[in-house]
Amino acid sequence: MSDITRSTAADLAAQLSAGEITSVELTEAHLDRIDAVDTRPDGRGVHAFLHVDRDGALADAADSDARRARGEARGPLDGVPIAVKDVLTTRGLPTTCGSKILEGWVPPYDATVVARLREAGLPILGKTNMDEFAMGSSTEHSAYGPTRNPWDLDRIPGGSGGGSAAAVAAFEAPLAIGTDTGGSIRQPGAVTGTVGVKPTYGGVSRYGLVALANSLDQAGPVTRTVLDAAMLHDVIGGHDPRDSTSIQQDWPSFTEAARAGASGDMSGVKVGVITELAGEGWQAGVMARFQESVDLLVKAGAEVVEVSCPSFVHALATYYLILPAEASSNLAKFDAMRFGLRVTPEGNPSAEEVMRATRDAGFGDEVKRRIILGTYALSSGYYDAYYGQAQKIRTLISRDFDAAFADVDVLVSPTAPTTAFRLGEKLDDPMAMYLNDLATIPANLAGVPGISVPNGLAEEDGLPSGFQVLAPALADDRVYRVGAALEALYADQWGGPLLDRAPRLETE
Amino acid sequence: MPEISRDEVAHLAMLARIDLSDAELDHLAPQLSVILESVASINGVAGDDVPPTSHALPLTNVFREDVVVPSLTAEEALSGAPAVEDQRFSVPRILGEEA
């Protein structure tokens, strides 16, 4: 297996720029890697991809090489291939959102994130697996079968963006795009030993991102290093007139923030450890790694204090009212009329009967659960007690963040309470599944940015854990700075990336 | 504690336009009760003086100049339709047969 697939995107960009490799070689190497590990005759492939676009990616790579030869490279990542979560529309490439209701749908337009990737010259390798409509924390709710965790093929890769995280963890892609509504970028990052960033709400366009919960969804980078995430964020971020919630401001270079952080110097940075994100239900090995990371930051000069965010204990319940409420109305568009599946019952059925039959056949269990829950939470008589109350607690959670950030520069916690669990273990126990997002949800409710950085393996099971850094809205540069610092401190300690310790996946 | 009955789930499924089989109703109703019981913990947490938040960051209406920009062609817009007739979406009857 070629070493090229183990390089960071930043290194690949440098090699392309120096003329040491071509984008075609690079793209072909990743496509070969996908062939080798993603599907296997014994059914134990990683299954990170729902669709691989070999021809399209190679054609884009050839275009990139031609541009570079003319001295017209469009930016540092021109020619570096990428995988895209199947919840972002791609013109001419299937987009299923992991659902049968969109099986075979080929969108007539690109999401803005995808358009920006194309403009920057990144060949798109394919679309990655996900929990259906991004509802889940394990990728087991995909209608096309689960993705497996490259660290242990019997375990979940996290979710909903398990496909994107597994793709970069298994060296099938140097970069990927994820989306994070309650942790779907950060939690998969934690359990696969990779990096994931949820930008400030409004920092990355949602145009063409098939909405799960509009007020919470954000697309962001899924990578193996903090610098790679920052470089990718610089490509996809920024104002988009097609998204009315897109923030109209100039953003600083996140690449520079990550490079500055890589010095490992944390002096002058005040870090708050969130009291409420620890305790019962948190795996001992995850907590041990977390404490070790905090100690490392202290040694690097950071001032660390404990900060209480009392309303965070209600974040999970608040989220599981707001999200289903928004999802139930968003998914009303899957009505069998204009696109997607249409199931026609016998006889001369009405449009409504066709809708009901189609939505029964096209949606999986978790989607049905959440649509019905959302319909309930929004129904008159319950609205004030559930949805109204949840919106008020959302205010309290934002106030907790405001109060905390008045005192500290960043907040930290473990990204997920446990390491990767076994496939099937929580599949039919929704509440147990929901608890995976305990630490990541508050950021979505308040719209603040967050990163998950790998911080070692839990002692009891040898599986990766993640360290979460949260910053105030618009201060995404801080998560890159602190994330890069922690990554550099660990690189010194470990003598190499964490993923070097993952098992090799090649079939003999 | 909120209990959600099988009949209520069936009613909600009808409102949400999803045909649920008997087996699905048996399966879903108890799960939804468990979820509702967990989320009911927020009751009374925030008083009347707390304003609701619908969006994480403050937003105002966004306007643009009223100029024509390129959009999908009719063919593109219809490209994913289950049925098309005369350059239009073809849909099942929307009125009752007796109408």
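One is the number of the first residue shown, and numbering goes on along the chain from there.
Every residue, even glycine, has its Cβ placed from backbone N, Cα and C.
Some features that TrEMBL has for this protein:
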ACT_SITE  A:K85  active site, charge relay system
ACT_SITE  A:S160  active site, charge relay system
ACT_SITE  A:S184  active site, acyl-ester intermediate
DOMAIN    A:25-479  domain 'Amidase'
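Features recorded in TrEMBL, as mapped to the structure shown.
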residue: A:K85; record: active site, charge relay system; Cβ neighbours (10 Å): 32
residue: A:S160; record: active site, charge relay system; Cβ neighbours (10 Å): 35
residue: A:S184; record: active site, acyl-ester intermediate; Cβ neighbours (10 Å): 37
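According to DSSP, A:S160 (active site, charge relay system) is assigned to coil rather than to any helix or strand. Here the CA atom of A:K85 (active site, charge relay system) lies 10 Å from the CA atom of A:S160 (active site, charge relay system). In three-state terms derived from DSSP, A:K85 (active site, charge relay system) belongs to an extended strand segment. A straight line from the CA of A:K85 (active site, charge relay system) to the CA of the residue listed as 'active site, acyl-ester intermediate' spans 11 Å.
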